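See below for the structure under consideration.
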Amino acid sequence: MNTDAPALAAPIPSPSPTPGNTPYHRLALERPGTARWWRPLATLGVTTGLALGGFGIAIVVFAVATIILSWEPTEGLADPRNPGDVLLLLGFIAIGVPAVVLGSRWGGGMRGAIHSVARRVRWGLLLRAASVVLPLYAVVLVGSFVLAPPTDLSWPPADGRLLAVLAVVLLLTPLQCAAEEYAFRALPQQVLGIWLRSPLWGILLPVPLFMIGHGYDWVGQIDLAVFAVCMGFLVWKSGGVELAIVVHTANNLVLFLLAPFSPSSLEQGAVPPEALLLSLPLTLGVTAGLALWVSRRHGLRFFEPVTSAGPRPTADLTGPTAVAEARV
């Protein structure tokens, strides 16, 4: 087995991999009908159309909901104590889940291939990883919040609006994180994988787009870039989006649940350089831990991916190691 990281290949179509032994980013090549040169363009077009249509419907639905519930959003959607702000902030992004999943299928792809090499969401893998990663993030991020509290730390009013915020966060944060993983990791890898052999194209090219979508300074952008590369690697390594969704959700869920105690927490902008001393080791640590776990389960080397015919699992999750700053 090859122990080296995959090298960038020339941007030309390459022969189909062996059926039944295909990495995630090349799944379309298992069936000639889904590997035509125009399919990436069709997939992107259908996905974009579905996203725009979803946004249009969501604007009406969310507007009616906020009026009926008296959740008038603020300008900038930056108040973590306003359920209207949180609903719109997370809800609009969450639309990306059906847009990408349906766009991939209706654009000519195989059913379920956007999820994983198993052609489905591997819930067992997701839940077992979450059972370790979520508590780990809770301890690390809550501990950091307590030991180095924000300057605007305050107790929010214990009323119905706070309960509504917490309910919206619990419901929509996993969907928001899943949408970003499907849009910035899964979709690019699979559409570029039709044309290009190396997974590095699909891992690295979307990174600037992920960074542009956030308003942080250079410190925050470094953190986002490292996070994006690590999540892209996890998608390729594990053969699906599940582990990246778990990591992203663990980070954002804890931070959004803490946000009402720091009214300025949703504002993007300057990030102190020392924040990287926490976020980068955690991002790299959790990525390495999960990749090693996947390697043990499937009898693979570190830079060898799970394929569509991976070996029978041989080990249970013993615990990856563990990220911060909400990647919204």
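Glycine too: its Cβ is placed from the backbone N, Cα and C atoms.
TrEMBL annotations: computationally assigned, not manually curated.
Model, not experiment: these values are computed from the prediction.
Features of the protein shown, as given by TrEMBL:
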type	residues	note
COMPBIAS	1-11	compositional bias 'Low complexity'
REGION	1-23	region 'Disordered'
TRANSMEM	41-71	transmembrane segment
TRANSMEM	86-104	transmembrane segment
TRANSMEM	125-148	transmembrane segment
TRANSMEM	160-179	transmembrane segment
DOMAIN	165-254	domain 'CAAX prenyl protease 2/Lysostaphin resistance protein A-like'
TRANSMEM	191-212	transmembrane segment
TRANSMEM	218-236	transmembrane segment
TRANSMEM	243-263	transmembrane segment
TRANSMEM	275-294	transmembrane segment
*asked:* Given a Cβ distance threshold of under 8 angstroms, which distant residues of the chain, six or more beyond its ends, lie next to the transmembrane segment (41-71)?
replied: 82-84, 87-88, 91-92, 95-96, 98-100, 102-104, 106-109, 161, 164, 187, 190-191
*asked:* What residues elsewhere in the chain lie close to the transmembrane segment (86-104), defined as a C-beta under 8 angstroms and at least 6 residues from its ends?
replied: 43-44, 46-51, 54-55, 58, 62, 65-66, 71, 73, 77, 80, 113-115, 165, 168-169, 172-173, 175-176, 178-180, 182-183, 186-187, 190, 256, 266, 328
*Please spell out the DSSP helix, strand and coil residue counts for the domain 'CAAX prenyl protease 2/Lysostaphin resistance protein A-like' (165-254).*
76 helix, 1 strand, 13 coil
_Segment-level pLDDT (mean, integer) for the domain 'CAAX prenyl protease 2/Lysostaphin resistance protein A-like' (165-254)_ = 96
